[in-house]
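Straight from Swiss-Prot, the features:
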- Ser67, Val68, Gly69, Gly70, Thr71, Gly72, Lys73, Thr74: ATP binding site (BINDING)
Amino acid sequence: MTKLALFYRHLAVKGPCSPLEWLIFAFLLPLGWLYGAVMRLRALFYRIGWFDAYCADVPVISVGNLSVGGTGKTPVVDYLIRYCRSLDKRVAVVSRGYAGGKGAALRVVCAGQGPILDVQQAGDEPWLLARRNPAAIVIVAPHRAQGVRHAVENLGAEVVLLDDGFQHLAVSRDFDLVLLDALRPFGNGQVLPAGLLREPVSALRRGDLFVLTRCPEDLAGTADVPGPVVHCRHILEESAVDLDGEVRSLRELAGLRGIAFAGIAEPEGFFRELQSHGLTLTRTLHFSDHAAYDERAAILLKDAAKSGDYFITTEKDAVKLAHMTLPLPCFQVPLRLMFVETGQLEQKLSPIISNQR
């Protein structure tokens, strides 16, 4: 991540501190107010019917957030796919996609028999969901309504998960699941570009259930939101998998020098988790979210390799490394999701999922 990007993220998360930061913030703040007003009007026009929203013939559950950047959404979507499958429902995920398969065409990543596109065509998150859940339907569609319609009418979806759908009001939904980072739910509280929020905090009134993600064990209290809240933690598995599929215990790596890298929005939490499992990290590298791992990335990794014995990264990053020749062994560590309030999410969603129109 560039110094400019790091500076902006600091400003958007913690707010201005220095005179220069206050000057920049004062310039961005009116733009944020304007953007927030536009988003309020947009939501109002959908609510009163001036803008049309596509209504599917099956239950649609939106999984989204209020801010840009990571809230740990992919593990939650993965969890919901598995839950729908446990209810014997044919489930589809419809995603806008990111940096995969340029163009506006609808792409079926998985039709229920594993991925049928490569990660470059599908995008990292849809491809990872398809690999983890080969019996699910995964579609990337810049026009989400088109993707939902295709999943239901052509592929037999009985439940649709609208990935990153909170602001995508052109598709009607039966349930809005809103994810918030437990440690920084609203950043500095301002709307883009003055902060990280896609909409004003008042938009949370549309939410049906709020999930505080990445909760530390000592978390006290909760975010001020207008609805029920559940808490979850993202926990590293006790084993790591290299790029050839060989499994090794994290304990085996603890005595070696590790170099951790990640192209996710909030890599610091991942790095801390690795260290909490006893790994010694001599260096950490933060690439941009959804990084493509190009020649520049290869040069950075080659240089970093001088100070370590192995690389370690996330599942989402590992799927994009097949084309690279790395100078050290590289391991990925899977994440699993643990809800603090066992059963509350399922209790809310079960009647929605079971209600076929």
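The backbone N, Cα and C atoms fix where each Cβ goes, and this holds for glycine too.
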Row Thr74 (ATP binding site), column other C-beta within 10 angstroms, all chains, value 26
Should one count Cβ atoms within 10 Å of each candidate's Cβ, the binding-site residues Gly69, Gly70, Gly72 would be headed by Gly72
In the three-state DSSP scheme, Lys73 (ATP binding site) belongs to helix
What DSSP gives for Ser67 (ATP binding site), in three states, is strand
Taking the centre of the Cβ atoms of Ser67, Val68, Gly69, Gly70, Thr71, Gly72, Lys73, Thr74 as the ATP site, the remaining residues of that chain with Cβ inside 8 Å are Asn65, Leu179, Asp181, Thr213, Ala265, Glu266
If you rank the binding-site residues Ser67, Val68, Lys73 by how many other Cβ atoms lie within 10 Å of their Cβ, the lowest count goes to Val68
Cβ proximity for Thr71 (ATP binding site), under 8 A, sequence spacing 6+, ordered by residue number, returns Asn65, Leu179, Leu180, Asp181, Thr213, Arg214
